[in-house]
Amino acid sequence: MYLTKEEEKILDGEYGEVLRRCMNLLVSLGDIYGADKLIPISSAQISGVSYKTIKDIGLEFLEDFAKEDVKVKVYATLNPAGMDLDIWRELGIDEKFAKKQLRIIEAFKKMEVEISCTCTPYLTGNLPRFGEHISWAESSAVSFANSVLGAKTNREGGPSALAAAIIGKTPYYGYHLDENRKTTHIIELDGQLISNFKYGESFYGALGYLVGKIVKNGIPYFENLYKLNPNNDNLKSLGAAMAASGGIALYHAKNLTAECRVKEVVNDKIEKISIGVEEIKEAYEKLNTTNEEPDLICIGCPHCSLMEIKKIAELLKNKKLNADLWVCCSLHIKAIADRMGYTKIIEKAGGKVVKDTCMVVSPIEDLGYKRVATNSGKAAVYLPSFCKSEVIFGDIEELLKGR
């Protein structure tokens, strides 16, 4: 792997131990995956923020870095934490958990990482341009950046994204190379599914769950998804579910995604997969693990856009919920929802607009929640293992109706 003289100095420890460790990690990754050099990045998005997921060992790792007074070299934002950083007491979060979570946040702050704590950084200012090289870690954000925006990133781990942010570079391999962005599977929706389409936004989570299971870590091309006229929130949900059930970090969709005009495929014998009503029905059945009533309704995995919050507020006007409701979003989106009056409507109905976190990385199992209703395919995949929760999966209207 070729290194510049400056990069060699960093690797030799001439600029301190933290930079040496960061460079060593990036060079090691480059060696493993056959990168020939490091390339500059324009931004980073760092996972491994919730104390629930990184525990004491992650906290110590971050505080070791922060005490050396090292700063990130590029614009870097954080993934969700394990709690709302302001109203954690109101949510019932244990004080011991909260104190350690706040130490994690303080460590990132010292390194000048933006404390936006969201899995949708592209909605809050971390918006890469077409073809830009970035180093992002959150799986749903990686999918959106690669696919919808046409930026270039591998699915990084938290430490490698942090190292890239501190060095300002990443190894040149994987999805940074055009030859690794070609279609491996063609997905076609059955004509009957399209002509008799009866689903709401949860359809994209179910479809993503199904395609992720089939394609695994390949690159699907959706031949006729555009006929359903999905919006960016739908594409966000689709990519998140595919990344959760498989390992998909990039997809193409005719007339919808950034690189769709050049339909390059791996070879002439590419597999074509047809998905119809029965397959979607089966996906819904698998994602639903209980018929009982939920004790928590969670919407916002990935974090809600303003339009999603507006829809929830409209559905909850003059209503009262029987179950707890968390509407998860970023600090930025919540500020606008507050101004628009959406937060007040949701709170009047008995719900909460929760920022900085989501149902998957917060300790909801310790708060007594056992059955969670969600419209998110990604959350439906992760909740049983991450939170020991049973899942009710469906459209927002269904989840809020009669509850």
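Yeah, the Cβs are placed from backbone N, Cα and C, and that goes for glycine too.
According to Swiss-Prot, the features are:
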type	residues	note
BINDING	Gly48, Val49, Ser50, Asn79, Pro80, Glu138, Ser139, Lys378	(R)-5-phosphomevalonate binding site
BINDING	Cys119, Cys301, Cys358	[4Fe-4S] cluster binding site
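The distance from the Cα of Cys301 ([4Fe-4S] cluster binding site) to the Cα of Glu138 ((R)-5-phosphomevalonate binding site) comes to 12 Å. Secondary structure at Asn79 ((R)-5-phosphomevalonate binding site), taken from DSSP and collapsed to helix, strand or coil, is coil.
Cβ atoms within 8 Å of the centroid of the Cβ atoms of Cys119, Cys301, Cys358 (the [4Fe-4S] cluster site) belong to the same-chain residues Pro80, Ser140, Gly300, Pro302, His303, Cys328, Thr357, Met359, Val360, Val361, Ser376, Lys378, Ala379, site residues excluded.
A distance of 7 Å separates the Cα atom of Cys358 ([4Fe-4S] cluster binding site) from that of Pro80 ((R)-5-phosphomevalonate binding site). Its Cβ taken as reference, Asn79 ((R)-5-phosphomevalonate binding site) is surrounded by 27 other Cβ atoms within 10 Å in the chains shown. Annotation note: Val49 ((R)-5-phosphomevalonate binding site) sits in a coil segment as assigned by DSSP.
Residue pair Glu138 ((R)-5-phosphomevalonate binding site) / Cys119 ([4Fe-4S] cluster binding site) shows a Cα separation of 6 Å. If you take the C-beta of Lys378 ((R)-5-phosphomevalonate binding site) and look for same-chain residues 6 or more apart in sequence within under 8 angstroms, you find Ser140, Gly205, Gly208, Ser237, Ala240, Ala241, Ala243, Ala244, Cys301, Pro302, Val360.
Of the candidate binding-site residues, Gly48, Val49, Ser50, Asn79, the one lying closest to Cys119 ([4Fe-4S] cluster binding site) when CA atoms are compared is Asn79.
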